[in-house]
Structure formats: C-alpha cells, structure tokens
Amino acid sequence: MGNCYSSFFNSDPDHLQQVKASKIIDKTLKEDEKQMTKEVKILLLGAGESGKTTVLKQMQIVHNRGGFTSSQKEHYRQQVFMNICEGMRLCLEVMSKEEIELENADLMVRLRSLNKPHL
C-alpha cells in the first residue's frame, strides 16, 4: 500500500508570511485579552470640586507601581503650593473680618503683604 498520510502544505512565501503574521496577531490578541481582564473601569460622577480628580490621583498612587511621572509631580507640587497659599489667604481674610490677630504681629504684617504666591 502507499502512503496514506496527506497534509496541506503550501510553500508559497506569501502564504508562509501570512500564516506567521496571523500567529503573531493571535498571540497579541490573547495577551491583550489577559490584560483587559485585569483592568477595571470606573465612572466617577459628581459636581465640580467634589473630589473626582483627587480620587483618581489616589487610585493612581495606590495601584500604579510607577506612580506619577516627573512632570506630573512638578505640576501637582505647584497645585499643592497654590492651594496652600490660597487657603492661607482665605484664613487671613476671615481673621481680618472677624478682627482676630495673630500673637506675632510681625508675622501678621508679613502674611498680609503676600498678595499672590510667586512661583
């Protein structure tokens, strides 16, 4: 009897290249699927200034191994500094309206002279 084994093998270079590309695509799709099963998507809803961005940043800090990039850190550092200065200015404004003085009068004069923070 003769050989009963028969297989389809196309030695055409274009076909081989297509098969190779298909396998690479399949592998990439499987890896992407694994990655997507690990991802969680969250929709944060809320009014302005309700803390949505703060929650997002905290989640990024807690769950990202890398945390923030250098430029993000610098941007947030400036934001924190501006928020501190604005909070201090508002406190001084309320103290002035309520006629509350600091124990250190020199400090009060210096703080009142700070109109806007300079970066």
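Glycine residues also receive a Cβ, built from the backbone N, Cα and C atoms like all the rest.
Here is what TrEMBL records for this protein:
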- Glu49, Ser50, Gly51, Lys52, Thr53, Thr54: GTP binding site (BINDING)
- Thr53: Mg(2+) binding site (BINDING)
Worksheet entry | Packing count at Gly51 (GTP binding site) (other Cβ atoms within 10 Å of its Cβ) | 12
Worksheet item: Long-range same-chain neighbours of Thr54 (GTP binding site), Cβ under 8 Å, sequence gap at least 6?
Response: none
Item to complete: Show, in sequence order, which residues other than Glu49, Ser50, Gly51, Lys52, Thr53, Thr54 on the same chain lie with their Cβ within 8 Å of the centre of the Cβ atoms of the GTP site.
Response: Gly46, Gly48, Val55
Fill in: Same chain, 6+ residues apart, C-beta under 8 Å of the C-beta of Ser50 (GTP binding site), given in sequence order
none
Discussion item. Give me the count of other Cβ atoms within 10 A of the Cβ belonging to Glu49 (GTP binding site).
Written reply: 8
Worksheet item: How many other Cβ atoms are found within 10 Å of the Cβ atom of Thr53 (GTP binding site), counting all protein chains shown?
Response: 11
